[in-house]
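Asks: Here's the feature list from TrEMBL:
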type	residues	note
SIGNAL	1-20	signal peptide
DISULFID	28-64	disulfide bond
DISULFID	44-60	disulfide bond
DISULFID	47-73	disulfide bond
């Protein structure tokens, strides 16, 4: 049981460090919520699966999820996307 707890703790710390590095790379402030970051990454991943345009995924997280591409992804996933939004 102790070993399992140690493994879980190690993976959690690794995940936080990786997310922190990714957040800095895309321009998020140091106090950006890791929960919000993970949720926004999931939006980008879901959008990538929905539109299937390889090579465009970096636009989704650009400027800490404030790009027009990210906003369009949110609309698409909520079913609010309109052709005029293109």
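The backbone N, Cα and C atoms fix where each Cβ goes, glycine too.
What TrEMBL says about a protein is an automatic prediction, not a curated fact.
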Asks: By CA-CA distance, flag whichever of 47, 60, 73 among the disulfide-bonded residues is nearest to residue 28 (disulfide bond).
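Replies: Its closest listed neighbour, by Cα, is 60.
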Asks: Could you state the whole-number distance in Å separating the C-alpha atoms of residue 73 (disulfide bond) and residue 64 (disulfide bond)?
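Replies: Cα to Cα, residue 73 (disulfide bond) and residue 64 (disulfide bond) are separated by 14 Å.
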Asks: Show which residues of the chain containing residue 64 (disulfide bond), separated from it by at least 6 in sequence, have their CB under 8 Å from its CB.
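Replies: Long-range Cβ contacts: 23, 26, 27, 28, 29, 32.
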Asks: Show which residues of the chain containing residue 44 (disulfide bond), separated from it by at least 6 in sequence, have their CB under 8 Å from its CB.
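Replies: Within the chain, residue 44 (disulfide bond) has Cβ neighbours under 8 Å at 57, 60, 61, 65, 70, 73.
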Asks: Non-local Cβ contacts of residue 47 (disulfide bond) (under 8 Å, 6 or more apart, same chain)?
Replies: 60, 73, 76, 77
Asks: Around the C-beta of residue 73 (disulfide bond), how many further C-beta atoms are within 10 angstroms, looking at every protein chain?
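Replies: Within a 10 Å radius of the Cβ of residue 73 (disulfide bond) lie 25 other Cβ atoms.
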